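Participant: These came from TrEMBL, pasted as-is:
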type: BINDING; residues: Phe23, Glu80, Phe281, Glu312; note: substrate binding site
type: ACT_SITE; residues: Ser81; note: active site, schiff-base intermediate with substrate
type: MOD_RES; residues: Ser81; note: pyruvic acid (Ser)
type: ACT_SITE; residues: Cys95; note: active site, proton donor
type: ACT_SITE; residues: Ser287; note: active site, proton acceptor
type: ACT_SITE; residues: His308; note: active site, proton acceptor
Amino acid sequence: MAENEDLSNSSSSSSSREDMHFFEGVEKLLEIWFEPNPSNKNADLRKIPRAMWDALLKTVRCEIISFTRNEQIDAYVLSESSMFVSKRRWILKTCGTTTPLQCLEPLLRLASEIAGYGEIEDLFYSRKNFKRPEMQVSPHRGFEEEVAFLDSFFEDGRAYSLGALNRDCWHLYTLSRGGGGSANKQMLNNITNNNNNNHHHHLHNMSNGHAQLQTQSAKMNLIESLQLPDPDQTIEILMTDLDPKVMAVFTKDVCNTALEATQKSGIHKLIPGMVIDDYLFDPCGYSMNGVSKSCGKKYKEGCYMTIHITPEPDFSYVSFESNVASSSYGDLIARVIDTFQPGKFIVTVFANKTSPAANVSRELEHLGTIDQWKRRDIQFSRFPTYDLTYAQYCKYPS
């Protein structure tokens, strides 16, 4: 998204125009999972009222401009990107000079006092390198500052950078935890102890063998369900140096409404079955959230997609993100880059061990070229609860 930009293609004044106006399309992405509260089965982040979200977002320097929901997700289009609220997962993605880390303390307070959560299960903060980092404000003036800020909240945080630090790269801060949550671990210990006791009792009561075996089998199934997290995955495609003709669609010069831009660009075809909430900014810029009509009972926190577009030629940027599950993302990546025609793009895929996307790293390893785009970099990282694949592509022969 962007504001008040002259979209003329005069190359002679390109540098001066960028100095006069610049918008940082690169987003800061913060995703937090709260640990299930065994003493409060009704804990739910969606209990937090709209007025409190409005107040929280003021600390981030953005505001809500549109809203849609389904049974699993409340999805907000913001003046700078998006926010998604599910039962125990919260996602904030903001561009420009927003300050999403500043809302961490009030968010934790709301999660405790209103939603009913006391502990964070997992946290991910990530972003691509900024085009103009000197324009950011504290605590986002550099990744080192962001890490120091997060470290003041979390003793077990870890920071990583993937890609070439002197070119395009991607930063990540996450927690070094085993996953599953302390409540699940305690419950697991209790069940395991009971199983051992029941097994000992079973040896002395052979007449009740069939019933004991059924009970033990049911408990082992419960143990397995506690050990294995719900399937989760996220794919991001971060695109730069985009085709100006494609980007022109996301201006009021070419389209009068967001619906027109969505349909003319083909965004509505990227992932079928999404309820789309879109917004076309004046004079240019575009945002959309999509929530799935149905993504299955396995995905308790719901399925979404989101796209944000800064179309100005001097600093064009498009981001695509979704948690829709797939064992292969090659076709989706091809559809996205064919739609927007970037000069360069980064792909990141997070997947836990129960996700259908758990082996996507092998797929990306074999995707050396995707149509006109050639892979320049690929890296793999394994974390306690997730595997991460990072890949960077350029349109050749660049």
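Including glycine, each Cβ sits where the backbone N, Cα and C put it.
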Participant: Give the distance between the Cα atoms of Glu312 (substrate binding site) and the residue listed as 'active site, schiff-base intermediate with substrate', rounded to the nearest whole Å.
Facilitator: 16
Participant: Could you give the Cα-Cα distance between Phe23 (substrate binding site) and Ser81 (active site, schiff-base intermediate with substrate), in whole Å?
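Facilitator: Distance (Cα to Cα, whole Å): 13 Å.
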Participant: So how far apart do the substrate binders Phe23, Glu80, Phe281, Glu312 get, largest Cα to Cα in Å?
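Facilitator: So the binding residues stretch over 16 Å, Cα to Cα.
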Participant: Filter the active-site residues Ser81, Cys95, Ser287, His308 down to the ones within 10 angstroms of Phe281 (substrate binding site), Cα to Cα, kept in sequence order.
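Facilitator: So far as Cα distances go, the active-site residues lying within 10 Å of Phe281 (substrate binding site) are Ser287.
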Participant: Taking only the active-site residues Cys95, Ser287, His308, which one has a CA atom nearest to the CA atom of Glu80 (substrate binding site)?
Facilitator: Cys95
Participant: Within 10 Å of the Cβ of Glu312 (substrate binding site), how many other Cβ atoms can you find? Include all protein chains, please.
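Facilitator: I count 25 other Cβ atoms within 10 Å of it.
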Participant: Taking the Cβ of Phe281 (substrate binding site) as the centre, count every other Cβ atom within 10 Å, in any protein chain shown.
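Facilitator: Excluding its own Cβ, Phe281 (substrate binding site) sees 21 Cβ atoms within 10 Å.
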Participant: Want to know which active-site residues, from Ser81, Ser287, His308, are within 10 Å of the residue listed as 'active site, proton donor' at Cα; which are they?
Facilitator: Ser81, His308
Participant: Around Phe23 (substrate binding site), how many other CB atoms lie within 10 A of its CB?
Facilitator: 24
Participant: Counting every protein chain present, what is the number of Cβ atoms, excluding its own, within 10 Å of the Cβ of Ser287 (active site, proton acceptor)?
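Facilitator: There are 27 of them.
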